[in-house]
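Trainee: Reproduced below are the annotations present in TrEMBL:
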| type | residues | note |
| --- | --- | --- |
| DOMAIN | B:12-77 | domain 'MrpA C-terminal/MbhD' |
| TRANSMEM | B:29-45 | transmembrane segment |
| TRANSMEM | B:52-70 | transmembrane segment |
| TRANSMEM | B:90-110 | transmembrane segment |
| TRANSMEM | B:144-161 | transmembrane segment |
| TRANSMEM | B:181-202 | transmembrane segment |
| DOMAIN | B:182-297 | domain 'Na+/H+ antiporter MnhB subunit-related protein' |
| TRANSMEM | B:214-233 | transmembrane segment |
| TRANSMEM | B:239-267 | transmembrane segment |
| TRANSMEM | B:279-298 | transmembrane segment |
Amino acid sequence: MADLATYLLTGLGLVFFIAGTVGLVRFPDQFSRLHALTKGDNLGLGFIALGVAFQAESWAQLAMLALIWVLALLAAGTVAQLVARAALTEQDKP
Amino acid sequence: MSVALDITLCALVLGVGWATVAGHGVFRAVIFFITYGLLLAIVWARLGAYDVALAEAAISAGLTGVLLLAAHGRLRRLNASQEVPLHLNLPAAVVAVGIAAGLGWAWFALPAPTAPDLSQALPQSGVGNPVTAVLLNFRAWDTLLESVILLAALLGLWMLARDHAWDKPLGLPYHARPGGVLASFGRVLPPIGLIFGVYLVWAGADTTGGAFQGGTVLAAVCLVTIMAGVLHAPRVEQAAWRAALVLGPGVFVLSGIAGAVFAQGFLALPPALAKPAIVTIEAALTVSIAVTLVLLVIGPPDEGEQDA
C-alpha cells in the first residue's frame, strides 16, 4: 500500500516537473516561463517529497523531508521574484 | 535500474562539461558550470563519498558559481566582450591533451596503491568520521596549507584595490528594497542556515560534514544578509574581521607547535587529547573559512563610482 502511494505520488511529481520543463522551453516570454518553472517545480518537488514520505521510517525523516520542501519553496519563490523584477527593469530601460 | 541511472549521470556530466567549455557566451558557460557542479555532487553521492558531495555542491557549484556570476556582472558593467572566441587555442589544447594522456598512462601503468587500513588507526584519531580523521589528524599538513592558501588568495584579491578605495567598504554596494522580497529572505534564511552550518561542523567529527562544508554554508548565510542589505559589508581595517581571518590558521599552527613540543612532532596529536584538539581546530577553521569565502566573493574595497 505504501509502495503504491510512493509510485503514484512520485509519478505525479515527475509529471509536474516535465510540464514545468516543457513550459520553460515553449512559453513565449520570460514571465510565463518563470511561472511554469517555479509552479511546476514546486508542486513536483512537493509530490515527490510526499511520495518519499511514505517510505520514511521515523518522524525525524518526515520532518526533514518537509523542511527540504519548505526551504526549496522559499528559495524558488524568492529567486522567481528577483528574476522577474530584473526582467521588468530590463524591459523599461530601452 | 541503477546502472541505467549511472550511465545517464555519466552522459549528463560529459555533456554539460562539454557545453561549459564549448559554449558561446560567458553567461551560458557559467550556468553550465554550476549545473556541472551539481551533477558531480550527485555522482559523488552515488559513489558513497558524501563528504565530497557536500563540498562539491557547496563550494564548487554554490560558492564558485556566485563568484563567476559576480565576475560576469562586473564584465557586463564594464561593457567587456561577452563572446568566447571559438577558434582553437592550439598551445592550450596540446598542453591539456598532454596532461590528460599522462594521467591516463599513469592510471594504467602505476600499481594500485595499497591504502593503509584506516579501521585500525581510526580509534587513535579521536574522531569517528574517517574523512575528518585524515583531514585533521593523519594528513593535517594538507589542511593547514589549504587554509593558508585561502588566506593568500584573499590577500591577492585585496592587492587589486585602488589606493584611495582602501578604507571603503569591501565590494560594490548592494541595493535591496527595504521590506522587499530579498530583504525578507535575508532575515528568514540566516537562523536556519546558522543552525545547519554549525551542525555540519559539529557532526563532522563522527558523520558527514566538516569545517569546509559548514564554513561554506555559514559564508552563504553571511553573503545573503549582506546582499539583502541587512548587514553592512566590512572594511579592511576592521580588526575583528582580520582576527577572524587568521584565527583558523593561527590555532592550527599553534596546536602544531604544541605537538612538536609536547608530543611526537609537529602537528602530532596525542590520542587522549585528539578529540578536543580536533574540535577546537575545526571550530576555529570554520570561522576563518567562512569569513575568507565571504570576503573573496564580495571582492576588494571599491567605491563603485566608476561603474555607475
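Placed from the backbone N, Cα and C atoms, the Cβ positions cover glycine too.
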Trainee: Where among B:52-70, B:181-202, B:239-267, B:279-298 do we find the most Cβ pairs under 8 Å to the transmembrane segment (B:214-233)?
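Mentor: If we count Cβ pairs closer than 8 Å to the transmembrane segment (B:214-233), B:181-202 scores highest.
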Trainee: By DSSP assignment, list the helix, strand and coil residue numbers for the domain 'Na+/H+ antiporter MnhB subunit-related protein' (B:182-297), in that order.
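Mentor: Reading the DSSP string over the domain 'Na+/H+ antiporter MnhB subunit-related protein' (B:182-297) gives 90 helix, 1 strand, 25 coil.
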Trainee: Quickly jot the same-chain residues contacting the transmembrane segment (B:181-202) by Cβ under 8 Å, restricted to those at least six beyond its ends, or write none.
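Mentor: Same-chain contacts beyond the flanks: 54, 209-211, 213-215, 217-218, 220-221, 224-225, 227-230, 282-283, 286, 290.
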Trainee: Under 8 Å, at least 3 Cβ pairs, sequence separation 6 or more: does that hold for the transmembrane segment (B:279-298) versus the transmembrane segment (B:90-110)?
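Mentor: Stretch pair does not touch.
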Trainee: So which of B:52-70, B:90-110, B:239-267 has the most C-beta pairs under 8 Å when paired with the transmembrane segment (B:144-161)?
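Mentor: Checked against B:52-70, B:90-110, B:239-267; highest Cβ contact count belongs to B:239-267.
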